[in-house]
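*Asks:* Can you read through this structure? Questions will come right after.
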Amino acid sequence: MTMDKSELVQKAKLAEQAERYDDMAAAMKAVTEQGHELSNEERNLLSVAYKNVVGARRSSWRVISSIEQKTERNEKKQQMGKEYKMKGDYFRYLSEVASGDNKQTTVSNSQQAYQEAFEISKKEMQPTHPIRLGLALNFSVFYYEILNSPEAIAELDTLNEESYKDSTLIMQLLRDNLTLWTSENQGDEGDAG
């Protein structure tokens, strides 16, 4: 059953009142396909229908596009943080075997890379993100073993211990280091007394 022009226009008006713009556009499309010249009211209904149909899709597209851009930026930042962490790791490994001025340079490079990774991870990652936890572990090892600094213990002691599957192993390693280093420090204090 095909509707005549006046029924389709009435259907479009009802669809507009119900804010069903896809139905409104379909009704007005059917009016135009009949081949008759459109009145001002019909042209207005057609315009309103398509403006709202397209507007809703444009709005949805903007939201999706914005989310994609934020996600891409976040992924790039996380990747950058991971790469700085790796750079810090490799310079730390070099500083373990270097000597003299070369050791100072590798220690400095390692610390700079870890610090960059740390700043990025604070802004871009959750506290329990595996990369951020791995960074905390390796940076604390750097402080304790390379710089011989007790700051590593204080840093590890402030970590939040939420249980996330990917983070559990790293958090256990952090806890093991804290226990080991605390017992070593207590042993050193006992020897001094």
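From the backbone N, Cα and C atoms, a Cβ is placed for every residue, glycine too.
I grabbed these lines from Swiss-Prot:
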CROSSLNK  Lys51  SUMO2 cross-link
MOD_RES   Met1  N-acetylmethionine
MOD_RES   Thr2  N-acetylthreonine
MOD_RES   Thr2  phosphothreonine
MOD_RES   Lys5  N6-acetyllysine
MOD_RES   Lys51  N6-acetyllysine
MOD_RES   Ser60  phosphoserine
MOD_RES   Lys70  N6-acetyllysine
MOD_RES   Tyr84  3'-nitrotyrosine
MOD_RES   Ser149  phosphoserine
MOD_RES   Ser183  phosphoserine
SITE      Arg58  site 'Interaction with phosphoserine on interacting protein'
SITE      Arg92  site 'Interaction with phosphoserine on interacting protein'
*Asks:* Within 10 Å of each Cβ, count the other Cβ atoms and name the one among the recorded positions Lys5, Lys51, Arg58, Lys70, Arg92 with the highest count.
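*Replies:* Result of the Cβ crowding comparison: Arg92.
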*Asks:* Provide the number of Cβ atoms within 10 Å of the Cβ of Ser183 (phosphoserine), excluding the reference atom itself.
*Replies:* 10
*Asks:* Could you check which of the recorded positions (Arg58, Lys70, Tyr84, Arg92) sits closest to Lys51 (SUMO2 cross-link), going Cα to Cα?
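*Replies:* Going through Arg58, Lys70, Tyr84, Arg92 one by one, the Cα closest to that of Lys51 (SUMO2 cross-link) is Arg58.
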*Asks:* What is the interatomic distance between the Cα atoms of Arg58 (site 'Interaction with phosphoserine on interacting protein') and Lys70 (N6-acetyllysine), given in whole Å?
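*Replies:* Given the Cα positions, Arg58 (site 'Interaction with phosphoserine on interacting protein') is 18 Å from Lys70 (N6-acetyllysine).
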*Asks:* Cα-Cα, whole number of Å: Ser60 (phosphoserine) versus Ser183 (phosphoserine)?
*Replies:* 57
